[in-house]
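To start, the structure itself, in structure tokens.
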Amino acid sequence: MAKIRDRTEDFKDAVRQSAISMGYNESKLAATMASFIIHKQQERSAFTKAALKTLESIQTLEQFMRKHRKDYVDPLRTTEQERDSIEQEVTAFIKTCKEQIDILQVSITEEEKKLKGWLALSAEGSNADTIAHKQGVVLILSEKLHSVTAQFDQLRAIRFQDAINRVTPRRKPKQSASSIPVDNSNGNVEFKESNEVPGELLRVQQQHLDDETRALQVELTSLLDSVQQTETKMVEMSALNHLISTHVLQQAQQIEHLYDQAVEATHNVQLGNKELAQAIQRNSSSRTFLVLFLFVLTFSILFLDWYS
């Protein structure tokens, strides 16, 4: 068995000599060889840049929620205004991310409309595989945004439950406040029985206590009404946020369905390309057979004519 000899170095020397004979110097030759080894990074498309920007926004939102989680849940760390500010910022973040995902989905829809031809090629060079890949990217971003939104819903539910727990004990003093005049009247009766204070001064004190009791009752009623209004607003906000989350989940399911359809369309296009290749091959074979048949027929006619 003959030994195998490595001729790689001889091939490199031959290529080097050919390059030098063509006018390449050492620096240009080294740069050319380096370009073959280390390829330049391709420029990212506009869709890829937008998707990465959306992913960074979602990650920033998740970091913001993780940073302010304790401040939002614990009422002793921050005031209601600060918690409302945190909620507004998170809502703005979610809205921005949702708009970016919608823009990506619109761009994919426009590319689908531009598809044409048997090979599903558009003017920008996009095909069914590329669109399916983009649909998958949008689906992943939607699911990640829905996960972050669900975490914020849990935090908001904790805040809502805490507000209810703080409001519930305050409803009992309203009844005890109504009993204050009775206790004061008993005390006043004792004052009358002791005859230590004149009747006019006693009536003034009684009137003053009654006024304070009424003012306290009005204040408690107003506080209870404001708390109930806050509870109603929080319930409405929670319902709206749940509705938004539901729509986001529905859109994610629709995107997944579109992705499955895109994959199926890609498979159908591949089958169509195979059928076209087979048809072209059959057409070429039939053309060859026809030419050969005509040639044999012509030769036979000439031979018969010569023979006769």
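In case you wondered, yes, glycine gets a Cβ from its N, Cα and C as well.
Automated prediction, rather than curation, is the source of TrEMBL annotations.
For 175-188, the entry in TrEMBL reads compositional bias 'Polar residues'.
Across the domain 'SNARE-complex protein Syntaxin-18 N-terminal' (5-86), DSSP assigns 60 helix, 0 strand, 22 coil. The domain 'SNARE-complex protein Syntaxin-18 N-terminal' annotation in TrEMBL covers 5-86.
Feature annotation from TrEMBL assigns region 'Disordered' to 169-189.
Outside the transmembrane segment (289-307), and at least 6 residues removed from its termini, no chain residue falls within Cβ reach (under 8 Å). Under the heading transmembrane segment, TrEMBL lists 289-307.
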